[in-house]
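The structure under discussion is supplied below as structure tokens; questions concerning it will follow.
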């Protein structure tokens, strides 16, 4: 398995050659962060430094979703991969693929709590037409961790609701990330992807992430602005690379998805929640999702803007 980037960096710094290479890459990443334009010689030097790492564990390191010091780890990853072009679909994801879903192993804890609510197993629970979103919430409430972290983000994201610019979007996003990172996916996936037959259920599903704070602005910003905000943030930049890698649509593919792994795509979608590019359901009566942004007035970057919006709005993988 790939080592995590914090460990890989420590190993690298103990070797004088690798240490010097890493310091060069740090300068390259710093220049990029400050939007300094590098001359041809400097760009070549940065690219060569990345190539000089060769088979070093630092070049192939990853940052696990639930690890401590995740931001520190991601900063190391993007330092090593600073030559990658922002916004391209072929960017490597710093997040290793670890997927569990309903058809796989369900934690005994989830099954036990679900039985207390309904006496039904996983497949029956997923097909229940009463209000699966309400049922999923009840199951979450029986788990101390799920209840605590869901209550945490709900209280932060609803603070000052209804008043102009009263919600602290940054804290709301952090609370959402906490919930989706720390609560087992058995709980989070059922709350976010519960199947609905009516609009009451659909409204609960759409409001799962408290969209008034986490998703909507007073006016829709341009999607390119959302992308820029995302690329300035190590966590968002990493989640976006993961989303692009796991939800890459391909027209020629029977299921419309390049990796044929919808569970990995849904996990990557969940990873975008709580970032500047937080997606959500567009209405109470459909499973279509989108970003809260527009491509009007994009000028000569209209095509790029449409691609960003299309990653969510018309993505067959989702």
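Note that Cβ sites are derived from N, Cα and C of the backbone, with glycine treated the same way.
Pulled these from TrEMBL:
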- 5-85: domain 'GDNF/GAS1' (DOMAIN)
- 133-213: domain 'GDNF/GAS1' (DOMAIN)
- 223-317: domain 'GDNF/GAS1' (DOMAIN)
Let me know the model's mean pLDDT on the domain 'GDNF/GAS1' (5-85).
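Computed over the domain 'GDNF/GAS1' (5-85), the mean pLDDT is 81 on the 0 to 100 scale.
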Determine how many residues of the domain 'GDNF/GAS1' (223-317) DSSP places in helix, in strand and in coil.
48 helix, 9 strand, 38 coil
